[in-house]
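Record features, source TrEMBL:
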- D9: active site, nucleophile (ACT_SITE)
- D11: active site, proton donor (ACT_SITE)
- D9, D11, D180: Mg(2+) binding site (BINDING)
- D20, D95: substrate binding site (BINDING)
Amino acid sequence: MAGIVVVFDFDKTIIDVDSDNWVVDGLGATEEFERLLPTMPWNTLMDTMMGELHARSKSLGDVAAVLRSAPLDPRVVAAIKACYGLGCDLRILSDANRFFIDTILDHHGLAGYFSEINTNPSAVDAATGRLRIAPYHDFHAGPHGCGLGICPPNMCKGQVLDRIRASAGAAGKRVIYLGDGRGDYCPSLRLGRDDFMMPRRGFPVWELICEDPSLLQAEVHPWADGAEMEETLLRLVGRVLLEERNLPPLDCKLESLPAVAVQDGMPMTLRIKN
């Protein structure tokens, strides 16, 4: 197996939408969602909305049907399968929830490609049949302790990434992290010099990185859509595989991987801290 752990965010990274909003909008509960949004944390709000949808006679099957219609770029699917085929350890780190993620991955035949899914737990209430969504970190019992001031109360992705890196299966491996949101900024700060950060260009994590790129040690490789994600991710994986084997940059087995490109005046490959 390659010495690479690829960590994906889920919403607006693997799928091209926010799964929470997709379900709420798809089942006609947007107005109630927006009314409650200022009054409680997002994770609590989604659990509340599952109760609201249940009260409106929307079944778990209705929720699953909407999730199965969420857009997923075929190039993202291809990238996941290619990385897996090259021996990468693929993991998900998401502030969505387990039912939403599992439903979408199962629908696209991708569940078996990931060794671990780190997200908010969810379960069906046996008494009522409604979906319950719980926080990854029980913030009612106490804060998770991240001092960055950006992480939501139910999950510090930086802390979860630290645990992933320290786990037996990932220890000593290089990490490629892909994400789009503010919550993906904390883990980007915890990546090392031999790791890679792939922020989605034009999204909150990219904007935060651009405010002061010197705060990151990892190389930054932005992407904008599924095609660019696939090209960039496979190029990085190919590069690490070549380095592991002490091969020259051009190897016949990987020569089809795209070269470094320049986007918006910024090199795709950027060492931003010496």
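Think of each number as a place in line: the chain as shown, counted from 1.
Including glycine, each Cβ sits where the backbone N, Cα and C put it.
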Neighbour count, 10 Å Cβ-Cβ cut-off, for D180 (Mg(2+) binding site): what number do you get? 22
Other than D9, D11, D180, which residues of the same chain sit close to Mg(2+)? List them in sequence order, counting a residue when its Cβ is within 8 Å of the Cβ centroid of the site. F10, K12, T13, I14, D18, S94, G179, G181, D184, R200, F203
Per 10 Å Cβ neighbour count, which of the binding-site residues D20, D95 ranks highest? D95
